[in-house]
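Features of the protein shown, as given by TrEMBL:
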- B:24-88: domain 'RNA polymerase sigma-70 region 2' (DOMAIN)
- B:125-173: domain 'RNA polymerase sigma-70 region 4' (DOMAIN)
């Protein structure tokens, strides 16, 4: 890649977010040393703000509830502010490990965190399934944080008959056991699958009136019906999975 | 209360302030993301991600570097652009032979009929740029192309595109004047 000899000529592309890769990093390094360029970029960013505002629209109605639910269960970053230290001009991405609950909120909102390559395919399929539920026009969120610090969050779409269930903050199951998620309704509890750590689980073919979600520790690989006592339980309103 | 007052409260963990902030900026965040991504489902996903990042990272906002709204919309724009570029990279791999003949989205801005004073004003001012300035600015900002891609699409040298982007923005500023920003 031919890098320009006069990097400050990149102020326009930078203000428009039209740089990427090495060129972006290089220009940002240059910015930290060039006060004139910072002024120029700042002025140009005022112009791009006008372009941004001209694109204003109306957020989808269901988004508010989902975001506010995510906010209720998501810890904030703590930002150390070293006195006198210059901040990097570009926004730093959210550090994935910063908060315990970031993973579930991320999953809730379909954020892809960086993972090892071999997990990506499976997670992408999972992420698509999750995104599909989240983007369904009828999707709704519910959740609860328990006194022991564990949380259960459910985002469901009655039309798709699917829900994304995320359980966090549970102690690891004893060795030789797995956490299994159940839907307890009028009849026999139905297994929704095994929980893999704090990864969200996509429950399919849901329907009928509410009931309750429960997690139990079951012998490795799960059981046909629950044998352990519920570790967490979340009562569902009848509307969660449709009538 | 404006975004500049709300964001520091959000940084202190005030969920009520976040709700107010949501009311203030969610339409602008979603609208901008949607302009870049087009696809409503993906736009919603990215907009949600941005709004949650506002909650998590509100403490990173530094009022000395500009307004809260500028910070928020910059974040939204960068996330949208990141997403559109990775989606493009994926689809380029899938359909390498794909026809390049799709409708050029150059003057999408001009097609937006939805009123709004700011929108109308910006549109009018974009119309006053030279065609190359306007295309350089809108392909980058509203379509998420890098300036190298813009140069390629418009078949002009890189240096020209860099200059047109800067000049286009400056001319836009002259036209928009000191109006409410």
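Glycine is no exception: its Cβ is also placed from the backbone N, Cα and C atoms.
Predicted-model confidence for the domain 'RNA polymerase sigma-70 region 2' (B:24-88) is 92, expressed as mean pLDDT. With DSSP states grouped into helix (H, G, I), strand (E, B) and coil, the domain 'RNA polymerase sigma-70 region 4' (B:125-173) comes out at 38 helix, 0 strand, 11 coil. Taking DSSP states H, G and I as helix and E and B as strand, the domain 'RNA polymerase sigma-70 region 2' (B:24-88) has 59 helix, 0 strand, 6 coil.
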